[in-house]
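Here's what TrEMBL has on this protein:
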- A:6-29: transmembrane segment (TRANSMEM)
- A:41-65: transmembrane segment (TRANSMEM)
- A:95-114: transmembrane segment (TRANSMEM)
- A:121-142: transmembrane segment (TRANSMEM)
- A:148-169: transmembrane segment (TRANSMEM)
- A:181-199: transmembrane segment (TRANSMEM)
- A:225-245: transmembrane segment (TRANSMEM)
- A:257-276: transmembrane segment (TRANSMEM)
- A:318-341: transmembrane segment (TRANSMEM)
- A:348-365: transmembrane segment (TRANSMEM)
- A:371-390: transmembrane segment (TRANSMEM)
């Protein structure tokens, strides 16, 4: 009895160990050699602990930012970062085990739905699935699910998104690629379809973006970490100046308060870097295992691949979509607070990948004019949806941050607006 | 009904013949480009490699198509037909392996697709 108690209370409550055990089981199921099973399980545990370390760095930096923003502007400034949401949910809310199991449940529901329905899509972008698992677990838990029910509800909703989103995008993907063999697996699809709709209406007979000559030298903006720094550094520094030397020094101690703000901004970037390294380690063992099994069970499946799969078809549209989406997010940052919503700061990482891919969608249906108008609308849209989630995140204890990737945000809103009230009826 | 059957058979025979003629023509073109490749300077090789990739793809010789497209991308990472055709080719090979139950090869082509995605991201960054 004492041994069982020890296993349940001291080992299985440690998320890093449980996640390693999940990887262990997955690798055993694939009949991998014992050495690979052990190294895979250990790397998974290491990945989780690295992720936790990154999350702590991000939270520390965000707490500081929240303080100076409130002092400087008398309101909340929210940093959109799905990485930060994932880190806080795993670390601080104690949902790591549930997220890992929901992640596996989404895999399984995806395979089942692809096998049984005519939506033959297997979602192969592991990171996006982890973000989806995070959101369905956080909001499923807030809606009142727990235990196996939470994992099944999150897995089912996530699994439906995993087949439905590629299916919704497929008509335009087919138009872009000229083939029906591959699909898009990126959880920003609702935004792409919204942007394409606007572009179709506004961009009739407009010329393609591929005839534009873009100046070289914007590349540095699309570098993953540099682009985050480009937004965060000025934001922290300017905010600290508004908060004033007296308040700033209270937090910075002996260090100059502006230099301290600069270093805190860089700390945020470091946090994202560390967290994403952890995620890569964590997924490196689990995702290949799933993909092999999924594509064996559904051999005629269409693989839904990450968004860069579309980049070669319209590289100029990627740049144009990135720029116009960024303009839209900046406009939304100032406009949304008028309507009583939080001020959401532009997330350059999302702007690049989601904006760039939306650019390809918009160009396919509305050319240059479509990308210009649709892109601004897209930027507004992908800021508005996360803003709607902010009060819910606040009540759940998340620090100065909100989710990105509109499909995962939509899954959160689905739980909050639809499933939660239904659960309340039966409670 | 037999009449229709005969017609179908005739049509099949016709299309088979057309296929053969097409394949012969493609083989001739491939020979021509292979000899061009032998005599080409390194900087002129890329369009020839892409053409060979494309011709082999049309011939449904996927392994050779992949070889030439990969050589082309190795030399010049410009986004274009080599990238888009390679995604399709990797998917075809993955599907074949999947049907044959060859899990190892499935992983090989999934990994190749991943690497191509990464290369696409990097190329876009370099091009902007």
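For all residues, glycine too, the Cβ spot is worked out from N, Cα and C.
Values in this document were obtained by computation on a predicted structure and should not be read as measured data.
Contact between the transmembrane segment (A:318-341) and the transmembrane segment (A:95-114) is not supported: fewer than 3 Cβ pairs lie under 8 Å, counting only residues 6 or more apart in sequence.
For the transmembrane segment (A:121-142), the neighbouring stretch richest in Cβ pairs under 8 Å, chosen from A:6-29, A:95-114, A:225-245, A:348-365, A:371-390, is A:95-114. Beyond the transmembrane segment (A:257-276), the same-chain residues lying 6 or more positions past its ends with a Cβ under 8 Å from any Cβ of the stretch are 50-51, 53-62, 64-65, 68, 79, 81, 83-84, 86-87, 224-225, 228-229, 232-233, 235-237, 239-241, 245, 248-249, 251.
Of the candidate ranges A:6-29, A:41-65, A:95-114, A:181-199, A:371-390, A:95-114 contributes the most Cβ pairs within a distance under 8 Å of the transmembrane segment (A:148-169). Ranking A:6-29, A:41-65, A:95-114, A:348-365, A:371-390 by CB pairs under 8 A with the transmembrane segment (A:181-199) puts A:348-365 at the top. Outside the transmembrane segment (A:371-390), and at least 6 residues removed from its termini, the chain residues within Cβ reach (under 8 Å) are 76, 78, 80, 188, 191, 194-199, 202-203, 209, 317, 320-321, 323-333, 335-336, 341-342, 344, 346, 350-351, 354-355, 358-359, 362-363, 402-404, 406, 409-410, 412-413, 416.
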